[in-house]
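J.: Below is one structure. I have some questions about it.
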């Protein structure tokens, strides 16, 4: 993950400045217009009774840069829920984990899929193929040397809070899962 961040200009800037998403970002987001990315973030956090400060600190990683990368991975998880349009059902959480695995290569996503699979009904399990396709289409890629879909750790989410949700979707190139599923049903 560090190498992917170092290979990207925005990623290098994030590693240099090491922004941390704190409770003040959530408080700021609560006052934003309903059409903004930040408002959706605040609504998600409040609905689930989450606070940015509620995340356990990264431990057992001696290298400060690698520790920050893991901190960013944890903090960006909530932003991934917002940009992908995924809630917190087991099925949606597994879709997010597949998406995160496609972006980071961390095996946690696949392990979560294996751990969550027994809790899914047959119809829900059948959806996993669609979620895999969606995550694959939203994996980091570039066109003409420019990132079409940046690795999500390289997105300056903390600077996107006041922007319109649709503007953030366009910036990231990520198709939210509900939109992907709607298009699939039309075909």
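Every residue gets a Cβ built from N, Cα and C, even glycine.
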J.: Of the candidates 91, 93, which does Swiss-Prot annotate as part of the Zn(2+) site that also includes 77, 78, 81?
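T.: Looking at 91, 93, the one Swiss-Prot places in the Zn(2+) site next to 77, 78, 81 is 93.
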J.: How would DSSP class residue 81 (Zn(2+) binding site) in three states?
T.: helix
J.: May I have the list of same-chain residues other than 77, 78, 81, 93 whose Cβ is within 8 Å of the Cβ centroid of the recorded Zn(2+) site, in sequence order?
T.: 79, 80, 86, 88, 96
